[in-house]
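Chemist: My questions will all concern the structure given below.
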Amino acid sequence: MARGQQKIQSQQKAAEKAAKMKKAKGTDSKKAAAAGLTFKCAVCMTQMPDPKTYKQHFENKHPKSPLPADLQAA
């Protein structure tokens with residue numbers, strides 16, 4: 001136990017470093033991913049990132065339903 005003080009200092013230093021890393025990380029990946037999903041299917045409420053993907057989804061998953069007005073141009 002000759003290194004007790006050094007161990008305590010090392011733990012404190014590691015805790016400070018971890019706190020800085022956590023603070024520097026800043027963004028939450030779940031929030032960033034949710035922000036990217038802007039289009040929502042009117043039938044099944046699935047979220048899509050862009051109109052092209054939304055149109056493909058609608059044509060494949062809901063072929064009997066008419067296309068929504070926002071997908072007519074896409």
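Numbering starts at 1 and runs along the chain as it is shown here.
Quick reminder: no glycine exception, Cβ is built from N, Cα and C everywhere.
Because TrEMBL annotations are produced automatically, they should be read as predictions rather than curated entries.
Sharing the feature lines straight out of TrEMBL:
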- 1-13: compositional bias 'Low complexity' (COMPBIAS)
- 1-33: region 'Disordered' (REGION)
- 1-34: domain 'Small EDRK-rich factor-like N-terminal' (DOMAIN)
- 14-31: compositional bias 'Basic and acidic residues' (COMPBIAS)
- 53-62: compositional bias 'Basic and acidic residues' (COMPBIAS)
- 53-74: region 'Disordered' (REGION)
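Looking at the shown structure, what environment does each listed feature sit in?
Modeler: Same-chain residues lying 6+ beyond the ends of the compositional bias 'Basic and acidic residues' (53-62) with a Cβ under 8 Å from its Cβ atoms: 39, 41, 43-44, 46, 68, 71, 74.
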Chemist: Find the average pLDDT over the domain 'Small EDRK-rich factor-like N-terminal' (1-34) in the predicted model and report it.
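Modeler: Summarising the domain 'Small EDRK-rich factor-like N-terminal' (1-34) by its mean pLDDT gives 83.
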